[in-house]
Each structure stands twice: as C-alpha cells, then as structure tokens.
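K.L.:
Mind having a look at this structure? Questions to follow.
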Amino acid sequence: MAKEKFERNKPHVNVGTIGHVDHGKTTLTAALTKVCSDTWGGSARAFDQIDNAPEEKARGITINTSHVEYDSAVRHYAHVDCPGHADYVKNMITGAAQMDGAILVCSAADGPMPQTREHILLSRQVGVPYIVVFLNKADMVDDAELLELVEMEVRDLLNTYDFPGDDTPIIIGSALMALEGKDDNGIGVSAVQKLVETLDSYIPEPVRAIDQPFLMPIEDVFSISGRGTVVTGRVERGIIKVQEEVEIVGIKATTKTTCTGVEMFRKLLDEGRAGENVGILLRGTKREDVERGQVLAKPGTIKPHTKFECEVYVLSKEEGGRHTPFFKGYRPQFYFRTTDVTGNCELPEGVEMVMPGDNIKMVVTLIAPIAMEDGLRFAIREGGRTVGAGVVAKIIE
C-alpha cells in the first residue's frame, strides 16, 4: 500500500530532545522518525544524517541543530536535536527553536548526570512548559529495582525545578532496539510508539499566535497631515480590528487610544493579523507621544517592567563577542524587540566575573520600563554589537 500523502491539516507541535551527552538523544531522534514512518507514514532519517547537524545563525550566534519531522496518528511534530551541550544552551536561550514540550532522555544505566540537571533547569528558566521522560538503554539494565531507583531520581530532579515530577510520564525503553526494529519485552518499537502517544496526550496543542491577545512592537512612527499618527510594525500575535481600543506600553506611562485604520501596502484593511507588516492609525495620538521600542497591545494584556531575573548566554570571542570577562556592575544595552535600553547587571552570589562563552543567571535593572513577560528574548549589546543573548525567566518589578 502506498503511503498517504502528507497532510498539512494536522495540528503542528514543536518538541526536542534534551539530556546528558551520550544518553541517546540522537539515537532516540532517529528511532522516532523510523517508528513513526513505519507506523503512521512519513519519512525516516538515519542517525548520521541527524548527527551531522548543520550550522545556523540565530541573532549572530552559531548553533548546530538538527531539525527532523514526524507524524503521529493525530499530530505533526517538528523536532530539534543538538549535538553538543553548548548548542542546547544557545538554542534554548535564544529561542532559535522554541519547544512546546521536551523529551528528556536519561540513560537507565547511568541515571541523572550534570547535564540532565542543567537541561531541566534551562527548561524551567526559558519556559519549556512540559517535559516527558524517556529512560533509555533499558536493554542494559536487568534489575527492576535499579530502574525504579533511576525513575525516582529523575522525578525528584524534576520536582526540584518546579516541574510536576510525580505526574510526569516516564517511558522505559531502548532507542537502539527501536531503531533496529526490535521489540523484546516491549522496550523497543512499542516503547517509542508509546512515547509518541504520550506526547500526543500530555503536551497540549499550543495556542497559535493568531489566537493570542494582540501585540505589535512599534518600529516607526509617522504623522499624516489631516489623518493623525500612524505606527508601523509586524504584528507579533493576535488580530487588530478598526475601532478597537489599544494600549501603548513601555518607556513612558501607559496610554490608551483607538485604532482608526489599518493599512498594508498602501491599501486599507479591516484588520491586521499576526505575521503581517501593517501601519496602524491612532486616534488623537500625537507624533511625539509614541516611539520605537514601545508596543501596541490589547488593553490589560502586558505591563511595563524594569527589573527581572534572566538566563543569559555570553558570546565567545570566536562568535564576535567580548574578548574579556565582565564583572558585577556591568552596564550594557538590552535590545528588546525594536530598541536598546541600558541596564545594570547583578550577578549571583559567589560569582565574581562572567567569561565569554558562559551561560549565567542574573538580575537586570533597566533605566526605562519595557513591555515584557516571562519568556521574552533579548540581545545584549555594546555600542550596537551583540555580545550576548538572554531570556526573561522571572519578572521582579
């Protein structure tokens, strides 16, 4: 029987493998493509195709990432896998590959290791909402008590970082057996099928950008004589309709106004939607009341803040970053959406300096408020040159 043609009408979900080096992330990624293609259709990818991850640039940072896709009975998955630990750190902090959920791969023979912990912590910091666990290499463990012990350790670790460890699904299996098409004791092919069915049920379908509350970062402001002030930008999420109220948030005190027109390519429209570049005409707003770096948003959905905890990756010298470390009291610019704001960096206790190539948790205080929420990405710049990337982990004030 011929495979059915690829249908775009299944819901699309982004996932990725995380976990310690050599615990089997890439083998599992290959097994997922094979088992899904055999079970539900689609094409398989070989281990070495995935392992030679192409280099890509996100915000000027070089990251090696492999992208594969596979189908379950009800969904289409886009899956990212990184060859090295540093690639994970960069990927998660820059949001180059946003994950709706992560598959934590942990070797049943070794149990949780330092990167297992670090990837769970990173997932918490960057806002990965769901984790499903695959206890791999179960074919190398004969002792059921040992498996139980490792499972308990993983659950404890998840609880430590505010994931629901006791309720997290844990699938026990062998990615290598699944890849070889074997299924002794149900730990090969059927374990991977069970993993995919668990992704289907445990990770909720993400809310599409268009269904979220309206937000547009302002890129430019014009005044059109006789008509008023127009702000332009790309709608990040939601829909704006003519005659709807909007708030202008960030940098100055929040103000309210009404959208009296939407235009795109010089044509008037009834609405602007997520992903579109539009001009929005604002009623009674003066040219000098609005500036680049503010956002237009559905009233009450986003607030301006100045102080937050964040997870930051500092570019290495090879990536065009700093050549020297920085110390507490470092004051670079933080580039949010469309503008730079100066901020002061407070390092964690016991950390004296931060080297290029490090990732670090720190608290930043900006000199002007920016419309922000947890999970917002930013760049760190010095005089227009990017020296780091970060993500808001927790707003403080």
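Residue numbers in this text run from 1 along the chain shown.
For all residues, glycine too, the Cβ spot is worked out from N, Cα and C.
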K.L.:
Under Swiss-Prot, which of the candidate ranges 136-139, 216-219, 224-227, 252-255 is annotated region 'G4'?
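P.N.:
In Swiss-Prot, residues 136-139 carry the label region 'G4'.
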K.L.:
Tell me which of 60-64, 210-214, 260-264, 325-329 corresponds to the region 'G2' entry in Swiss-Prot.
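P.N.:
That would be 60-64, the stretch labelled region 'G2' in Swiss-Prot.
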K.L.:
Do you know which of Y77, Y130, Y313 is annotated phosphotyrosine by Swiss-Prot?
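P.N.:
That would be Y77, per the phosphotyrosine annotation in Swiss-Prot.
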K.L.:
Which chain-mates of D22 (GTP binding site) that are at least 6 residues away have a CB under 8 A from its CB, listed by sequence?
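P.N.:
Counting only residues 6 or more apart in sequence, the Cβ neighbours of D22 (GTP binding site) under 8 Å are S107.
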K.L.:
Sorry to bug you, but what's the C-alpha spacing from C82 (GTP binding site) to T26 (Mg(2+) binding site), rounded to the closest Å?
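P.N.:
Their Cα atoms are separated by 8 Å.
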K.L.:
Cβ distance under 8 Å to K25 (GTP binding site), same chain, sequence separation 6 or more: which residues?
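P.N.:
Long-range Cβ contacts: T17, I18, G19, D81, V105.
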K.L.:
What Cα-Cα separation, expressed in whole Å, is found between H85 (GTP binding site) and Y77 (phosphotyrosine)?
P.N.:
23
K.L.:
Rounded to a whole angstrom, what is the C-alpha distance between Y77 (phosphotyrosine) and Y88 (phosphotyrosine)?
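P.N.:
Y88 (phosphotyrosine) has its Cα 19 Å from the Cα of Y77 (phosphotyrosine).
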K.L.:
Treating G and I as helix alongside H, and B as strand alongside E, what does DSSP give for the region 'G1' (19-26) in helix, strand and coil?
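P.N.:
Counting residues by DSSP class gives 2 helix, 0 strand, 6 coil.
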K.L.:
Name, in the order they occur in the sequence, the residues of the same chain whose CB lies under 8 A from the CB of Y88 (phosphotyrosine) and which sit 6 or more residues away.
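P.N.:
Once residues fewer than 6 apart are set aside, Y88 (phosphotyrosine) is near I18, C82, H119, L122.
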